[in-house]
Structure formats: structure tokens, C-alpha cells
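Enquirer: If you look up TrEMBL, you'll see 7-275 marked as domain 'Endonuclease/exonuclease/phosphatase'. According to TrEMBL, the coiled coil annotation covers 31-61. Marked as active site by TrEMBL: Tyr122. Sequence annotations record features per position, and here TrEMBL assigns active site, proton donor/acceptor to Asp173. Per TrEMBL, the feature site 'Transition state stabilizer' maps to Asn175. For His275, the entry in TrEMBL reads active site, proton acceptor.
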Amino acid sequence: MSISVTTVNVNGIRAAAKSRSEENLGILPWLAELDSDVVALQEIRASLEQAEEALAPALDEGWHLSMAESTVKGHAGVGLLTRVAPAAVRVGFGSDEFDALGRYIEVDLPDLAGGLTAGSLYLPKGAVDPDQTSTATETDARKFAEKKRFLDEFGTYLRGLLASDRHAVVGGDWNIAPAENDIKAFKTNRRSPGFLPHEREWVAGLLDDGWVDVTRSLVGDVPGPYSWWSWRGKSFDNDAGWRIDYHLVTPGLAGRASTSHVHRPAAYNLRWSDHSAVTTVFE
């Protein structure tokens, strides 16, 4: 039996759940039509109570919400919507610095794929490299260092998860475009956070370890498919985006992936987030 796993940065669940127009009714009708078993949510930016209120129609239809909110009010927050109640829920990845900041959550779903661990990740955006940018501020230096620490700790965790021999899928907003074909304007973004050399090397190291970027493995060496576009200008209309939302999957499960696609809205005014969801199907 096939299973579907979706990931989406909702850019604030309360805003995403609101109707914006007669044509754009927000995330709830989209969820009602979605044929997925797991939906990883990022940047929820709400308390559990607020998220449950925003998602009440979906929860009434049978979705189960597991969530890790941030201790910083209105910031970050990740969750997982599952069709069945998880057997176990784990918040964080054993980090004294990051576990309370709503950056990672995972659940065990023993009835899916012969036993599945599904994770939702919201990786810090970071900032420019202060050693390479003369205009970098103290805030830039702090955010740059924070992201490097996160990469070091989370990379260690992912290596351990890979070695556990469990089927696992980690979906999320990775805030890193892994290669040139993952960002439209790669030539002008070489010093931009999310496309810095050490960030791309970090993702490449995960792939060398054995994690599989299933969307890239299925679509091949083509531009995109992009998952994030700025709200400003004509980025969306011109498809000048970044592919920063994706699933990394353990090898045994990745071999069962059949399709992966981005839920790109048909028009700018139909967006309820600056990110689009990504769904991968496993047979």
C-alpha cells in the first residue's frame, strides 16, 4: 500500500487558516482535499492551543496534531499532522540550545511503511558570513554562528538516525538550497544565507552519509522544482524561486519513492504561504 508524506512551511498557521478571498480560502480546504498520510508543518508561530483552534476543522475530520512550540512567542514552531495517532512523539534532537525553540519534532508510525519515523524540521535561516561581507552586523554574526551550531548538532543526530536502520523521512524547511539547480538566481546569491558554501557542503555530507533527497533523485538534474518565492516583485510569476523545502529519506524507504511534486498555486493571489507544499509518494 502506498503512503504519501507532505511538508509545508505555513508561514503562521493562524494566517494560513484564514480566507483571503473568495478564491483563496487558505490551508483548510487544501488539507481537506489532500491525500496524504503525514503532513509536516513548519513556522507554525502559535501555541498548541492556538494551532488546534486554527486547525479545528481538520482535526474534527480525523487528523492528529503533534507539535513542538517555541518558548519564544510567535516564533518558529513545528508539527506533524497524521491520519493515525503516533505511537511515540519526540520533541527536539537532544540539544540544550535548540530543543525548546520549536525547530524539530518526530513521531513513530508503526503501521506505515513497515514502521516509519517522520520528522518535521525548521532549520534556522542564518545570515551572511561576517568574514566574507563587510556590511555584516553583530546580529548577522550571531545568526550565522547559531546556524552553524545547529548544523553541527543536527547533523550528528541525523547520522545516528540513519544508523538506527529505521525507515525515516525528515521533511521540512531546510533553509538551504543544496545546489545551483535549486535556486534560479544562483550566480547572484553565492553569498546569501541558504546558499553559502559550508551550508551546501553540509547537505552534500548528509547525502554522502546515505540520506536521499528524493525529489531530486526522482526529477533528475533539472532546475527546481522550486518551493519558495518572495512575496515581493515578480519572483513567483517568473518562477524565480528556491528549492529549500524537501524530504531527506533513509535509503530503504527512498527506493520505494515513486513520485514527488510541489503544490505550486496556479496564481500569485492563491497563495496562503510564501512556501509551497512538497508531497512524496512511496509504494
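Yeah, the Cβs are placed from backbone N, Cα and C, and that goes for glycine too.
A description of the local structural setting of each listed feature is requested, covering burial, neighbours and distances.
Expert: Residues 3-14, 16-17, 67, 69, 74-83, 102, 109, 112, 116, 118-122, 169, 171-173, 277, 279 of the same chain sit 6 or more residues outside the coiled coil (31-61) yet have a Cβ under 8 Å from a Cβ within it.
Other Cβ atoms within 10 Å of the Cβ of Tyr122 (active site), summed over all protein chains shown, number 27.
Under DSSP, Asp173 (active site, proton donor/acceptor) is assigned to a strand (E or B) in the three-state scheme.
In sequence order, Tyr122, Leu123, Pro124, Lys125, Gly126, Lys147, Pro193, Gly194, Ile244 constitute the residues six or more apart from Asn175 (site 'Transition state stabilizer') in its chain with CB-CB distances below 8 Å.
Cβ-based neighbour count (10 Å, all protein chains) for His275 (active site, proton acceptor) stands at 25.
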Enquirer: Between the Cα atoms of Asp173 (active site, proton donor/acceptor) and His275 (active site, proton acceptor), what distance do you get, rounded to the nearest Å?
Expert: 9
Enquirer: Counting across all protein chains present, how many other Cβ atoms fall within 10 Å of the Cβ of Asp173 (active site, proton donor/acceptor)?
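Expert: Excluding its own Cβ, Asp173 (active site, proton donor/acceptor) sees 26 Cβ atoms within 10 Å.
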Enquirer: When the pLDDT values for the coiled coil (31-61) are averaged, what is the result?
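Expert: Across the coiled coil (31-61), the average pLDDT comes out at 98.
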